[in-house]
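Just passing along the structure, written as structure tokens.
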Amino acid sequence: MSEHDMQNTNPPLPPLPPEITQLLSGLDAAQWAWLSGYAWAKAGNGASAGLPALQTALPAAEPFSVTVLSASQTGNAKSVADKASDSLEAAGIQVRRAELKDYKAKNIADERRLLLVTSTQGEGEPPEEAVVLHKLLNGKKAPKLDKLQFAVLGLGDSSYPNFCRAGKDFDRRFEELGAKRLLERVDADLDFAAAADGWTGRIVARLKEEAAKNRATPAPQTTPPAGLQTAPDGRYCKADPFPAALLANQKITARQSDKDVRHIEIDLSGSDLHYLPGDALGVWFDNDPALVREILDLLGIDPATEIQAGGKTLPVASALLSHFELTQNTPAFVKGYAPFADDDELDRIAADNAVLQGFVQSTPIADVLHRFPAKLTAEQFAGLLRPLAPRLYSISSSQAEVGDEVHLTVGAVRFEHEGRARAGGASGFLADRLEEDGTVRVFVERNDGFRLPEDSRKPIVMIGSGTGVAPFRAFVQQRAAENAEGKNWLIFGNPHFARDFLYQTEWQQFAKDGFLHRYDFAWSRDQEEKIYVQDKIREQAEGLWQWLQEGAHIYVCGDAAKMAKDVEAALLDVIIGAGHLDEEGAEEYLDMLREEKRYQRDVY
């Protein structure tokens, strides 16, 4: 019988049901091969003819789900994303939750629904864990994202020029690559809780609508966890800090130094707080009482006047001392204050964003009041201020070495503005106003993106300038306490050897004991030609490349705006020169190190 005859004698086949078609569309080549054999055997004798069972079952219809990613520098974006994930799951929506440090950037092309919560660091750069994805989306190999629905929540600090820049960049680039917004982007300031909760509520409602359209079976309803502000094991946290005691405050720069750097030791006894090398300590502080008096005098406000702050009725002097930000100016403050001052010059400053940003960066709040006097009520003035926020300091000790203590390396911020002495809020509190045995409220902020290698035999290269050396003291303390076999190399820079060599005797002892195997120091002002850590990196190119071939992990800590960028440029030069790669290959190599967690940065 000819093929033509066979076609004519067989009755027409009915169309497959839609649900079967949907299942078949998800099969891979191996599954199709198995299924065709199985079907042929069943058609021939109603049995499988001894075909081996396929381990992979036919795929079920893909449930409605959403991927929630976070890119965090200090933990805020992570906590918001965790809370959003909990709310989505409580609404019956399946969630895939990941921090970007654990997410393969190329997987973005396979996502269908994506929520991203990201902070911004430095001069508008994405957090460290988001760098690889950011580069992919903005590079030549950026994937099409026309099947993606997304929403972005940006966290930032409006006192900086590039407010929420990372969130804006991701949001814009997703759209340019074809993705569709589930919600308009939200940019949240330091007091982000209300904005984040609003964004979460709207995205949950929107995704419930989308799930209904897809007729997906929702996941079981769950009860959202209570007390998200509290650590899971009940330890002290940002919202409930531990009242610790100051043990020591020692200046570790010379009297002639232009810098005032303090070694701070704090007692954690009784807190059950634990930290790892790479973590930060959050420090709550009180403003300078002299600054509070100065501001109230300038405004003509009685210190006993009562206002609402922190859910309480307090004298305005007490409220300004402990509840409001007084040392960091913001564009919002200047714009809000300008109508009260009724001054043409201040109005012009407030109206020009570029001029305003420069003014905010250079002019403290108190000096705005000096230059542009105004009369406000206590409530009006407080309404212009941001809530006081804790400061984070890299921990410079290992608990394996110091037990129930935690050590910090704090650069005291001091400057003059129009002849008036000014100081940083937290650094001034720690360096000048907190007395020995005095109480400081603290909490541990985890930094899982800045960790020693799990294999202690791996070599490490530590690159830092100024107080950026802090976590490396903790790293080497930890390696010494473990008697780790891995080699340690420190590249450190500061202005002067004799004045600014932080922890000099300790590094010498580590070298003597065999826990500091290589060291290079860049003293930028000790000779006519300035020498920086990036110069030492290029100088040691062959050695660095050799260590990388041995599996070394590279760590960078310090200033994001200048030092970290210069160091990265130097590392790329090393990879190009000693590694014999072109520029594109060097970039890809560095991205590979990032994804392998062998290139980690803690920059600010």
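Glycine is treated like the rest: Cβ placed from N, Cα and C.
The following feature annotations were taken from Swiss-Prot:
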DOMAIN    66-204  domain 'Flavodoxin-like'
BINDING   72-77, 119-122, 155-164  FMN binding site
REGION    212-231  region 'Disordered'
COMPBIAS  216-231  compositional bias 'Low complexity'
DOMAIN    239-453  domain 'FAD-binding FR-type'
BINDING   THR327, GLN361, ARG391, LEU392, TYR393, SER394, THR409, VAL410, GLY411, GLY424, GLY425, ALA426, SER427, TYR604  FAD binding site
BINDING   SER524, ARG525, LYS530, ILE531, TYR532, VAL533, GLN534, ASP566  NADP(+) binding site
Out of SER119, THR327, SER427, GLN534, which of these binding-site residues shows the lowest number of other CB atoms within 10 Å of its CB?
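Comparing Cβ neighbour counts within 10 Å for the binding-site residues SER119, THR327, SER427, GLN534 gives THR327.
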So if I draw a 10 Å sphere around the Cβ of VAL533 (NADP(+) binding site), how many other Cβ atoms end up inside it?
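The answer is 24 other Cβ atoms.
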Let me make sure I understand the structure: which of the binding-site residues listed (ARG391, LYS530) has the fewest other Cβ atoms within 10 A of its Cβ?
LYS530
Work out, from DSSP, the number of helix, strand and coil residues along the domain 'Flavodoxin-like' (66-204).
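Across the domain 'Flavodoxin-like' (66-204), DSSP assigns the residues as follows: 58 helix, 32 strand, 49 coil.
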Could you measure the widest C-alpha to C-alpha distance across SER524, ARG525, LYS530, ILE531, TYR532, VAL533, GLN534, ASP566, the residues recorded as binding NADP(+), and give it to a whole number of angstrom?
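Farthest-apart Cα atoms in SER524, ARG525, LYS530, ILE531, TYR532, VAL533, GLN534, ASP566 are separated by 18 Å.
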Taking DSSP as the reference, which of helix, strand or coil describes ILE531 (NADP(+) binding site)?
coil
Whole number in angstrom, please: the longest C-alpha to C-alpha distance across THR327, GLN361, ARG391, LEU392, TYR393, SER394, THR409, VAL410, GLY411, GLY424, GLY425, ALA426, SER427, TYR604 for FAD.
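Site span for FAD, by Cα atoms: 24 Å.
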How many whole Å apart are the CA atoms of ARG525 (NADP(+) binding site) and THR409 (FAD binding site)?
22
Counting only other Cβ atoms and using a 10 Å cut-off, which of the binding-site residues TYR160, PHE163, TYR393, TYR532 scores lowest?
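Comparing Cβ neighbour counts within 10 Å for the binding-site residues TYR160, PHE163, TYR393, TYR532 gives TYR532.
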What residues, ordered by sequence, lie under 8 A Cβ-to-Cβ from GLY411 (FAD binding site) and sit at least six positions away in the same chain?
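Correct list: LYS259, ASP260, VAL261, ARG262, SER427, GLY466, THR467.
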Using CB atoms and a 10 A radius, I'd like the single residue among the binding-site residues SER72, THR409, SER524 with the highest neighbour count.
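Selected residue: SER72.
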Pop the Cα-Cα gap between GLY122 (FMN binding site) and GLN534 (NADP(+) binding site) into the table, whole Å please.
18
Any idea what the Cα distance is from GLY75 (FMN binding site) over to ARG391 (FAD binding site), rounded to a whole Å?
13
Can you tell me how far the Cα of TYR160 (FMN binding site) sits from the Cα of ILE531 (NADP(+) binding site), in Å?
29
Counting across all protein chains present, how many other Cβ atoms fall within 10 Å of the Cβ of ASP157 (FMN binding site)?
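The Cβ of ASP157 (FMN binding site) has 17 Cβ neighbours within 10 Å.
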